[in-house]
Amino acid sequence: MLITILFYIGIIAESMSCAVAAGRYKVDLFGVFFISFVAALGGGSIRDVLFNHYPLAWVENPNYVIVVIISAFIATRIIGFIQRLKFFFLTLDALGLAVFSVIGAKIVIGMGYGLTHAIIAAMITGSLGGVLRDLFCNTIPLIFQKELYAVVAMACGAIYWFAYPYLGEDIATMVTILIGFVMRMIAIKYKISLPIVTLEKENS
Amino acid sequence: MLITILFYIGIIAESMSCAVAAGRYKVDLFGVFFISFVAALGGGSIRDVLFNHYPLAWVENPNYVIVVIISAFIATRIIGFIQRLKFFFLTLDALGLAVFSVIGAKIVIGMGYGLTHAIIAAMITGSLGGVLRDLFCNTIPLIFQKELYAVVAMACGAIYWFAYPYLGEDIATMVTILIGFVMRMIAIKYKISLPIVTLEKENS
Amino acid sequence: MLITILFYIGIIAESMSCAVAAGRYKVDLFGVFFISFVAALGGGSIRDVLFNHYPLAWVENPNYVIVVIISAFIATRIIGFIQRLKFFFLTLDALGLAVFSVIGAKIVIGMGYGLTHAIIAAMITGSLGGVLRDLFCNTIPLIFQKELYAVVAMACGAIYWFAYPYLGEDIATMVTILIGFVMRMIAIKYKISLPIVTLEKENS
């Protein structure tokens with residue numbers, strides 16, 4: 001129940017901030033919807049296709065698609081407003097990241113897989129939507145350069161996997177989301193990121 | 001039967017115009033084949049993977065692949081000729097769009113899905129091939145900026161869904177293809193497109 | 001057994017040379033891992049999704065993921081060393097290409113498919129990983145411009161299909177890998193490539 005509400009918050013936050021990002025490129029209204037859809041539901045779709053987990057969430061429940069499109073449409077009407085609320089949306093996005101990652105881990109654990117799979121599924125669900133979005137906008141994916149986005153997603157997968165046998169599914173979910181959310185906000189605040197790999201200097 | 005002929009016309013038109021488009025970038029002959037394949041059969045493949053509809057059309061019937069490759073090869077031999085016949089190919093492409101979209105809708109309706117799914121499947125089948133093609137050519141996908149391409153695809157899905165219980169599958173197919181084709185030609189002729197979303201001006 | 005060892009050599013070679021290539025763009029450590037994973041295991045994953053061959057290799061055996069990540073990490077520590085050994089890695093990559101292609105052909109032949117499918121599966125397994133890698137790095141895929149990469153992969157699929165009824169699976173595998181490897185090395189040495197298709201001059 002709570003996870004459903006959080007999931008809706010996650011896809012709304014994703015599609016709204018994406019719709020704003022899409023405005024940076026010259027795309028039409030359909031492009032905005034499409035990119036928002038990919039960002040909000042693409043990560044979970046890739047996970048389900050790779051792990052053979054059918055039907056996909058939005059095929060089973062097309063309301064998700066409708067919510068994404070309405071959110072993206074509203075976002076295009078209030079772009080200036082959203083830009084002034086940038087921190088609010090960063091916060092929602094951090095929440096969405098944690099929620100998506102935990103959902104990803106829960107699904108593959110429910111299919112009988114172990115720790116490595118939970119980490120990979122959390123990473124795919126939490127961060128691949130953003131990779132796809134950047135692909136379609138023709139830029140090098142931001143998550144390869146951004147503050148710990150994928151690392152937080154993977155951490156959520158691992159934390160949930162260790163926590164749920166002790167705490168039960170519900171409390172483990174809440175605790176993991178909280179930790180993931182805090183990690184992400186700290187990474188944003190202190191601009192913590194992974195080392196950039198470059199060719200120029202030899203590392204050995 | 002008629003739909004099969006139209007499908008062949010669709011993939012031939014797609015792969016030929018694609019092969020010409022690929023020539024704008026420095027790609028080799030294999031690249032031309034690959035991009036033509038993706039444009040002609042990629043949308044349907046994504047639909048089948050997302051809706052768990054196996055085997056994919058071209059896996060079941062590899063003749064499609066051979067037709068695409070031969071068409072693309074011929075196109076590279078007669079590029080100048082095709083460019084002079086630009087309007088003829090735009091017409092074939094409009095027909096292909098309508099045919100692909102109706103096929104997409106038919107398949108998911110045949111799997112027991114409803115209106116929303118028919119619209120989404122029509123959109124995926126009719127227009128995602130072009131999105132993939134543009135991705136591989138490293139440009140922002142044209143359909144996000146082009147005259148109503150995806151909108152026509154979605155309209156076909158909806159029209160077919162409303163029409164087939166009354167008109168039967170065959171007549172509904174023909175009527176939908178006709179309407180979709182006319183919509184697309186009108187959009188091209190009058191350069192009708194969706195509003196472009198931009199950041200510069202606030203819309204609210 | 002031998003094929004498993006060769007497969008490990010293939011994914012190690014792919015992920016190491018990829019990690020070095022990723023350094024040309026400003027990506028962080030996660031980006032390096034992700035792109036290496038896609039290059040080493042992406043082609044096989046696409047093949048399995050398109051041919052409905054579940055579970056994917058790395059889902060069934062997550063050791064592959066760990067090997068890829070460790071190889072990529074080591075590569076980032078010894079970039080200068082790898083660059084001096086460029087020819088050694090080109091050789092490993094040529095071996096990997098042949099191995100991946102044969103594995104792709106074997107899998108779909110094992111599913112009951114024929115020659116066309118063997119060629120397509122070999123092409124997908126051997127060369128799509130590199131296409132994906134280039135997509136994520138935001139360049140026009142190199143294999144569309146590079147020495148016979150995809151052609152060697154397809155040739156491996158065809159050779160294996162013709163050879164295995166006569167030679168048995170094991171010897172056919174070895175022979176095909178050898179021929180594919182030699183083809184690729186010759187193509188590199190003499191810079192043999194497919195004709196580039198361009199718009200400028202009319203070919204007819």
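Just so you know, glycine gets a Cβ as well, placed from its N, Cα and C.
Bear in mind that the values here come from a model prediction, so they are computed numbers and not experimental data.
Feature annotations, reproduced from TrEMBL:
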DOMAIN    C:5-75  domain 'Glycine transporter'
DOMAIN    C:91-164  domain 'Glycine transporter'
TRANSMEM  C:6-22  transmembrane segment
TRANSMEM  C:29-50  transmembrane segment
TRANSMEM  C:62-80  transmembrane segment
TRANSMEM  C:87-109  transmembrane segment
TRANSMEM  C:115-136  transmembrane segment
TRANSMEM  C:148-165  transmembrane segment
TRANSMEM  C:171-187  transmembrane segment
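Scored by C-beta pairs under 8 angstroms, the transmembrane segment (C:148-165) has its highest count with C:115-136, from the stretches C:29-50, C:62-80, C:87-109, C:115-136, C:171-187. The transmembrane segment (C:62-80) makes contact with the transmembrane segment (C:6-22): 3 or more of their CB pairs lie within 8 A, with pairs spaced 6 or more apart in sequence.
Long-range contacts of the transmembrane segment (C:87-109) within the same chain, counting only residues at least 6 positions beyond its ends with a Cβ under 8 Å from a Cβ of the stretch, are 3, 6-7, 9-14, 16-17, 43-44, 47-48, 51, 53, 117-127, 129, 149, 152-154, 156-157, 160-161, 164, 169, 173, 176-181, 184-185, 188. Summarising model confidence by region, the domain 'Glycine transporter' (C:5-75) averages a pLDDT of 88.
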